[in-house]
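The structure appears below as structure tokens.
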Amino acid sequence: TKASVGFKAGVKDYKLTYYTPDYVTKDTDILAAFRVTPQPGVPPEEAGAAVAAESSTGTWTTVWTDGLTSLDRYKGRCYNIEPVAGEEHQYICYVAYPLDLFEEGSVTNMFTSIVGNVFGFKALRALRLEDLRIPPAYSKTFQGPPHGIQVERDKLNKYGRPLLGCTIKPKLGLSAKNYGRAVYECLRGGLDFTKDDENVNSQPFMRWRDRFLFCAERIYKSQAETGEIKGHYLNATAGTCEEMIKRAVFARELGVPIVMHDYLTGGFTANTSLAHYCRDNGLLLHIHRAMHAVIDRQKNHGIHFRVLAKALRMSGGDHIHAGTVVGKLEGERDITLGFVDLLRDDFIEKDRSRGIYFTQDWVSLPGVLPVASGGIHVWHMPALTEIFGDDSVLQFGGGTLGHPWGNAPGAVANRVALEACVQARNEGRDLAREGNEIIREASKWSPELAAACEVWKAIKFEFPAMDTL
């Protein structure tokens, strides 16, 4: 539209401009699938168009400055609407965004555009971003994970099995020296990693520098004793980006292999800065998803975790927590495995049964190791080994430290259980069917495992999953 044609003031329906069912998506478009619940009386076409408009070029009334640009080139378009099976008044609205709307290499800008404003929109009862298709033309502007799965295995010299971790508990209140002691016991017993809890930053009872020093000392001691490379996820999350980088620099100076960040509370800008620092300086980066359930738990409103996982792969992280399917925290099997594949694989085919709305081609962006953590113990080991496969980190906090004989025997029990499951799988046994039997056999020659089996034989966290398709 040329400005000289004359400008028609007034409010017009979004669907006249932003609902384009004939649109053929381009390879360079960012595609979004929104679950839209319109207010009563609002047709789905208008609701879908409103989402496209408010997350791209639109505003509530016609403005004369529209004539100074080409809306056809820059507007988001709602190009398809499907009713959600089994839900009344819910629709999946597909929106295509031209690539030029987004700053290169900025997850922050991508989210500000796509979900920044539109979720408070009055014509909608609720809105959830279910999935995004990131075109290679955009993903190529990101560094992505500092190292990725293969480089991490090479750095650690550990192959052919999942990695084992443990969150140090009690998460708050230990002194730095006692904290280091707990780290040492776990690593000496056979774990690959121990972890700062997500809310351990730098509190009065344990300042960050003291913790880093005591943990580094204990990492070296356990490495010398076991002959294996060990790590502790030193949480560098801080109140400012400068302080965060300062902590990462200190970790690098200590020569430890890995640091950690809470990427949602810390923010994507901080996370991307830290990921760049980690690649430049050879540090692995463990990512915790603290605050994710605030955003992703409601079925009809918010952002699904698979979108937050894709965003993390772009922003950068080598590990990310991804639910367990079997422990105390949320995670439905097919859906969880859907976003686990989105984290690890180069190419993921569209598969609605697993919640994957678009085919995603990551080209050569490094992969991220999914971390299973939360309420898991030795009896879960066969299921975890089968569900997550080799490229994963299995993290037992209480499942290590809660062992009746202490941390090191708890670590031994987990390592023995894992090695038994991997060996059984490699021999062609069915972990799903024979899992309990495999653990029982192994416990005959490992008193530590036998004691762990006894303590947790009846523990289950069985609630119906919230995250259904």
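Just so you know, glycine gets a Cβ as well, placed from its N, Cα and C.
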Candidate from H232, H321 that Swiss-Prot assigns to the same substrate site as N117, T167, K171, R289, S373:
H321
By Cβ count within 10 Å, point out the most packed of the recorded positions listed: K169, H288, R289.
H288
Including all protein chains shown, what's the count of other C-beta atoms within 10 A of the C-beta of D197 (Mg(2+) binding site)?
18
CB contacts for E198 (Mg(2+) binding site) [other CB atoms within 10 A, all chains]:
22
Among N117, T167, K171, R289, H321, S373, recorded substrate binders, what is the largest CA to CA distance in Å?
37
Select the most exposed residue of K171, K195, H321, where exposure means the fewest other Cβ atoms within 10 Å, treating these as the binding-site residues.
K171
Near T167 (substrate binding site) in space, meaning Cα within 10 angstroms, which of the recorded positions do we find among K8, K195, D197, E198, H288?
K195, D197, E198
